[in-house]
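Over in TrEMBL, the protein carries these features:
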- 239-250: compositional bias 'Basic and acidic residues' (COMPBIAS)
- 1-20: region 'Disordered' (REGION)
- 239-266: region 'Disordered' (REGION)
- 30-48: transmembrane segment (TRANSMEM)
- 114-132: transmembrane segment (TRANSMEM)
- 138-159: transmembrane segment (TRANSMEM)
- 171-191: transmembrane segment (TRANSMEM)
- 203-223: transmembrane segment (TRANSMEM)
- 284-302: transmembrane segment (TRANSMEM)
- 322-341: transmembrane segment (TRANSMEM)
- 348-368: transmembrane segment (TRANSMEM)
- 374-398: transmembrane segment (TRANSMEM)
- 410-431: transmembrane segment (TRANSMEM)
Amino acid sequence: MDQAVSVNADPNMPSDSEGRNSRWRNWTGFWLLGLCNNFAYVVMLSAAHDILKQQGSHNSTSPTPSTVALYVEGGKGSRYDCSPVSTAAVLLADILPTLIIKFSAPFFIHKLPYGFRVLVCVATAIASFLVVSFSSTVWISILGVIFASVSSGLGELSFLSLTVFFSRDVLGGWGSGTGGAGMAGALLYSALTQAGLSPRNTLLIMLVVPVAMVISYFFLLVFPPSFPQWKCREAESVRGGDSQSRRPLLDDTDEEEEREKGAEEDKVTGPLTNIEKLHIIKGLLRFVVPLGVVYFAEYFINQGLLELLYFPKFYLSHAEQYRWYQTLYQVGVLVSRSSLCCVKIRRIWILSLLQCVNAVLLLLAVYYQFLPSAWLVFVIVIYEGLLGGAAYVNTFYFISKETGDRQREFAMVAASVGDSLGIAISGLTAFPVHRYFCSL
């Protein structure tokens, strides 16, 4: 690590108004970065579906109500109102690119300057909105979804590692922003389409979101003076060493001793070796595994079970019930990801256990159909979102707090794979579950 750069040990901030202003700007900047980073990811599924439906009806000018679930009301051949394709199929298309990035990036991402990473995130987010807006085939629309996934995955691991250069409270801003992205994305898309805009024009309006990311990162954040914005972190660490400045002062008898001393210093301040990275990953398992379990159970519920929890006598239609399930889930996520300033939970495994209880309860509810009303499901879904959001923000807070300065940046990047891996496994698991219930 560059020793001239603060690495999240709660740097000493000035006590005057300028220092307070910098801290507030950084918190707000990370909140906006979290919101913008997850925004395209959230809206892309429902937007792609609407665009595809318009492609099939050339003369249609009215917008289709947004929905993530691809429902066919009154499905036949099953006691469940099943869609022909599980929502897990679309979930996998949206999560697998992110998962691939998170698995591979920790071993090379440090070679890319932060400024360049952000520009790639912005470019792929813009591409996702444009490609889906103007797509004429299913595969082009899927390509747009992939762009959104790449932007979200690269952005998450980059911004999480970026937090190590700021006061630790920016993690609260990031978590709250990512929680707000789900609710804001769904509500804004729905509101604009319901107001009469076509899905295509709605997506074009949302191009303002990547622009907001650029403004938040380059103009709102207050970076440390020596932050390597356009320089490779590894090269910066090498240049940060003072061996070259000492060499003219060395005589022949002391040169070997100084070289040995420099080698020892590199073990403390130099770039991490692959062996060290693997050792760090092993130590992170106590955080990553519980986080993955939480998100496995969470998305198994959201994409495997909620579409089957339909109450025909309720005043909302099937699609409307599902849409409210997803919206209320995002409300729970927003609240819990914004709670870091009030409560901190060290034992993430407790949240994993509670989320698994939720999954088992709702699985039994789908099979035996014993829940009396959608109102009870609404409450459970909010609770589910609270558990998931709390697991996410507390996991990265305690990784940041308990990891050494030199290892912290890599640890934040590597740990980001936990939630995506859990989501991907849940998508694969939801396929046979959906097929089984729809065959009953």
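The backbone N, Cα and C atoms fix where each Cβ goes, glycine too.
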Give residue numbers and ranges for long-range contacts of the transmembrane segment (284-302): same chain, 6 or more residues beyond its ends, CB-CB under 8 A.
91, 325-326, 329, 348-349, 351-352, 355-356, 358-359, 362, 381, 384, 387-388, 391-392, 395, 398-399, 411, 414-415, 417-423, 425-427, 429-430, 433
Maximum Cβ pairs under 8 Å to the transmembrane segment (171-191) - stretch from the list 114-132, 203-223, 348-368, 374-398, 410-431:
374-398
For the transmembrane segment (348-368), which partner among 114-132, 322-341, 374-398, 410-431 gives the most CB pairs under 8 Å?
374-398
Stretch among 114-132, 322-341, 410-431 sharing the most Cβ pairs under 8 Å with the transmembrane segment (374-398):
322-341
List, by number or range, the same-chain residues at least 6 past the transmembrane segment (114-132) whose CB is under 8 A from its CB atoms?
36-37, 39-40, 44, 47-48, 51, 140-141, 143-145, 147-148, 150-151, 154-155, 158, 162, 203-204, 206-207, 209-210, 213-214, 217-218, 227-230
